[in-house]
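Below: one structure, written as structure tokens.
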Amino acid sequence: MFARSFSNASRTIARRSLSTRSGPAPSSLWSSRNAVIAGTTLAITALAVTSERRKVFNESAQKATSPRDSIIAQDSLKENVHKKSVRQDEFSGESTKPEASTSSDSVEKAADDAAQILEEKEAEASEPSQGAYNPETGEINWDCPCLGGMATGPCGEQFKAAFSCFVYSEAEPKGVDCVELFKVMQDCFREHPEIYGEVDTLGLVLMFYAEIDDDEAPPQEGTMEEKVEAAKEETAAPAAAP
């Protein structure tokens, strides 16, 4: 636009110069040529500048990002961020699965152990308690806790002899023929007070009655004590005679 205006102006000046002078003097012709050359040079320079400006403007326009491209780039960025967040959530979920599984296994194992212990206790409670003597087989269970560990230790043999005699005794009252064995057992207990302490013979006799037959009521304490003492006196009387 600028080059076109400048070219028109230079042509107008040249025409006026030619029309105002009637004769083609050499000096005027030289001046006209110079003016034409100068105008042409200026026009060419203006065209070159204008072309360069358009080139720079086009390159800048091409480099500029359109709104559509900007929106697409933002959408891509959001999609990448979303994918990254989803991956992190999946990773954290996978990392917590083993811990949750371990905790669940521990709870189930504890519940199974508790159920097993409860079943064992119920089975023990449902089983009838057995004494030291089984009247059906006629056997004595020396390991029965009801004997209080008397069958073991330094006086275990004396205890077994007295208890066996009492169990199989058919005398009346029962066990009166085992007084001597009870006396030997009691003397052994007295020799080991650190183990047996003060043992009551009458208490042992009552325990024997209870172990033989739970349905059979033990004799009265006074009556049994009198019979035991009488049996001791009868046993000791021949030894004291001259």
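For all residues, glycine too, the Cβ spot is worked out from N, Cα and C.
The cysteine that Swiss-Prot pairs with Cys188 in a disulfide, picked from Cys155, Cys165, Cys178, is Cys155.
Here Swiss-Prot annotates a disulfide bond for Cys165; of Cys146, Cys178, the partner residue is Cys178.
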